[in-house]
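Annotated features, as they stand in Swiss-Prot:
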ACT_SITE  Glu94  active site, proton acceptor
DOMAIN    100-339  domain 'Radical SAM core'
DISULFID  Cys107-Cys344  disulfide bond
BINDING   Cys114, Cys118, Cys121  [4Fe-4S] cluster binding site
BINDING   Gly168, Glu169, Ser200, Ser222, Leu223, His224, Asn301  S-adenosyl-L-methionine binding site
ACT_SITE  Cys344  active site, S-methylcysteine intermediate
Amino acid sequence: MSTEKINLLDFDRKGLRELFAQELGEKAFRADQVMKWIYHFGVDDFDNMTNINKQLREKLKQKCEIVAPVVSEAQHSSDGTIKWAMRVGDQDVETVYIPEEDRATLCVSSQVGCALECKFCSTAQQGFNRNLKVSEIIGQVWRAAREVGLEKETGRRPITNVVMMGMGEPLLNMKNLIPALEIMLDDLGFGLSKRRVTVSTSGVVSGLDQMTGKIDVALAISLHAPNDKLRSEIMPINDRWDIQDFLASVRRYIASSNANRGKVTVEYVLLDHVNDGTEHAHELAQLMKDTPCKINLIPFNPYPGSPYKKPSNSRIDRFQKTLMQYEHTVTIRKTRGDDIDAACGQLVGDVIDRTKRTAMLKAAKGETIEVKAL
């Protein structure tokens, strides 16, 4: 008989209620009480749950546990950004806390590595190892909330937004993504507004269609090219689902969504003399004319061994102004945490299968390969 304890972080409210009924013989309200202790107060010791009777606390200690990823390393940027390496099993993923004047955003990983092989992404060069469990996804948020300080004792702004833009493709981990999102939104969980939780995808149409009508959060799409030829060159997933398939799926999702207010966020990494020409801007503007959107331009953050460069400021400015001629809303993402390699394109993970990474390391003459946040 297995003696492994059940990690309560692996369950959303529905799952936790079922667990309490089937494994503990307890009513739903007891599950709700425990869930509130875990997420509202950051408690991971059953003995500290003071409104739970002793008999139930003993049953919980015998059969269950509350185990989140632990911080194995923390780096602090001069701009307030914090990058945590979080230990999941025998590997690390990275989670980034980004404070601003009116919010604090947490960038969360969904996989160890990534299988999509986007050419500008060093996560892809490391290869794919495994999906994160529910407890390892929501546990990043739980741990970060503890680190930041639930009662503001650290002076840091509490987490107000979560973006699934860390290591991995979220929609290739739907089984564990959905319950984690449910906990983020649940009033007994983190109670975040659906407009403050964002899922980013590189174009996994099957996953996006699965989300449609099932869970409502903000959507960001990693587009990065205005035509299929160029997109297939830098993002091989385009050979499975081309741009028109992708955008049709996006329109289906936002039509059923309140969180997106009828618009999708388009992420577009600018690669010097690859996808950043005026002709690309015109093509992108035409491409998106039937899909209500706001376009977020991301100047490429180089990593050692990368074949791409960041465009000049003049090219970035020209690209933005060209798009704005078509009355698109266009922003340029401000680089945050680049001094600790926590900017978009610079997160460093720990992946066991390093076949691709080893080759990249040799090509970079021994320099560390870095990992992006989508």
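Placed from the backbone N, Cα and C atoms, the Cβ positions cover glycine too.
Where Swiss-Prot records a feature, it is marked here on the structure.
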residue: Glu94; record: active site, proton acceptor; Cβ neighbours (10 Å): 26
residue: Cys114; record: [4Fe-4S] cluster binding site; Cβ neighbours (10 Å): 28
residue: Cys118; record: [4Fe-4S] cluster binding site; Cβ neighbours (10 Å): 23
residue: Cys121; record: [4Fe-4S] cluster binding site; Cβ neighbours (10 Å): 25
residue: Gly168; record: S-adenosyl-L-methionine binding site; Cβ neighbours (10 Å): 30
residue: Glu169; record: S-adenosyl-L-methionine binding site; Cβ neighbours (10 Å): 27
residue: Ser200; record: S-adenosyl-L-methionine binding site; Cβ neighbours (10 Å): 22
residue: Ser222; record: S-adenosyl-L-methionine binding site; Cβ neighbours (10 Å): 22
residue: His224; record: S-adenosyl-L-methionine binding site; Cβ neighbours (10 Å): 26
residue: Asn301; record: S-adenosyl-L-methionine binding site; Cβ neighbours (10 Å): 22
With neighbours defined as other CB atoms within 10 A, the best-packed of the recorded positions Cys107, Leu223 is Cys107
Comparing the Cα of Cys107 (disulfide bond) with the Cα atoms of the binding-site residues Cys114, Glu169, Ser222, His224, the shortest distance belongs to Glu169
Per DSSP (three-state), Cys107 (disulfide bond) is strand
On the domain 'Radical SAM core' (100-339), the mean of the pLDDT values is 94
